[in-house]
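Participant: Structure provided below as structure tokens; questions to follow.
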Amino acid sequence: MAKANIGKLLLTGVVGGAIALGGSAIYQSTTNQLGNANRSNTTSTKVSNVSVNVNTDVTSAIKKVSNSVVSVMNYQKQNSQSDFSSIFGGNSGSSSANDGLQLSSEGSGVIYKKSGGDAYVVTNYHVIAGNSSLDVLLSGGQKVKATVVGYDEYTDLAVLKISSDHVKDVATFADSSKLTIGEPAIAVGSPLGSQFANTATEGILSATSRQVTLTQENGQTTSINAIQTDAAINPGNSGGALINIEGQVIGITQSKITTTEDGSTSVEGLGFAIPSNDVVNIINKLETDGKISRPALGIRMVDLSQLSTNDSSQLKLPSSVTGGVVVYSVQAGLPAATAGLKAGDVITKVGDTAVTSSTDLQSALYSHNINDTVKVTYYRDGKSATANVKLSKSTSDLETNSSSSSN
């Protein structure tokens, strides 16, 4: 088999060489026959001075936002890297004189506000996760220190503060509720890090609302609403701008899908961004409070779909119940315990929203405010029941346990 392959390679080389030589011989013969007849007509090739107007709606849009898009540099202690650095931070691993720290990863950010001597930058939480120090590289090449104003792991957003001394422009946000599938979408950021800062790629909006599941550093999964685009998104684009044809920010670039869940098939053109309306809502709260308070039930849970058939049978569920969240344990003193929920209960609805997984439960729960009362539908010993749960506690009151999701 090896000899056959080598033979094919050699044959290809020989045929290719024959074609090249033949072409040379034909050219030689032709030029000799034409001889002096063509010499008097020979002219040198010149570059044509043609003026082309390259200004388009796309170039104008990029120009409007380019000065407000920055690179975010995450420094950590040597041999300490963020769990997210290999996913979307553009891991560089280069050493730095930044207080003896190492540049662990780079992402992107968007300057959206100037106030006094400060400027505010929105980026993804996973871009800054695990940092010991942060720098922001401006479009003009100046590198400035950044401090964290606040962050929210659930939505994967963070707000940084920098000096406004060298800040030229700030971005404006569009109303993401007015987006239309098929309209132009342009991603601006730092793919693979600051070496390619302010890279722009163009595509369209493929979808205006997708549920995207994220895995946090503690292993818990969350589900967020996202814009889908086929504009090229690469490692390092995280936290950058997705803009419309007017140069307004319609989303903060967050992630992309590169393969199917089982890894068997590669995919292209599946990029996601957090919608601008959601971004504005979160960053305003982060500026004020530094964190986002969300209601908590006070349970540890596991998806019904993750149970073995033997474990599922012990729950005595009707055959019509194929999805839900199994209460693994209940935290004393929190809303679920107060309302009478117990380990082994299977939650199938929160309010009017059907629950088939823990991400469904979180999405439904987080649509409510602290101190709201919500009806929870569940099954116990095969029978359906409901409980009115007053959401008097927040996620900050939860005990964490990596063996199961908490809420």
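Backbone N, Cα and C atoms are what each Cβ position is placed from, and that goes for glycine too.
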Participant: When you get a sec, could you say which of 6-26, 321-341 is annotated transmembrane segment by Swiss-Prot?
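Facilitator: Going through 6-26, 321-341 one by one, Swiss-Prot flags 6-26 as transmembrane segment.
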Participant: For a quick check of packing: other C-beta atoms within 10 Å of the C-beta of His126 (active site, charge relay system), how many?
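Facilitator: A count of 29.
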Participant: Based on Cα coordinates, which of the following recorded positions are within 10 Å of His126 (active site, charge relay system): Asp156, Ser238, Leu297, Met301?
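Facilitator: Qualifying among Asp156, Ser238, Leu297, Met301: Asp156, Ser238.
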Participant: About how far apart, in whole Å, are the alpha carbons (Cα) of Asn237 (substrate binding site) and Asp156 (active site, charge relay system)?
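Facilitator: Pair distance, Cα basis, whole Å: 14 Å.
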Participant: Tell me the Cβ contacts of Asp156 (active site, charge relay system) under 8 Å, same chain only and six or more apart in sequence, or just say none.
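Facilitator: In sequence order, Asn124, Tyr125, His126, Leu214, Ile224, Gln254, Ile274 meet the Cβ cut-off.
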Participant: Once the DSSP letters are reduced so that anything not helix or strand counts as coil, what is Met301 (substrate binding site)?
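Facilitator: In the DSSP reduction, Met301 (substrate binding site) maps to strand.
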Participant: On a count of neighbouring CB atoms within 10 A, which of the binding-site residues Gly236, Gly298 is highest?
Facilitator: Gly236
Participant: How many other Cβ atoms sit within 10 Å of the Cβ of Arg300 (substrate binding site)?
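Facilitator: Neighbour count, Cβ to Cβ under the 10 Å cut-off: 21.
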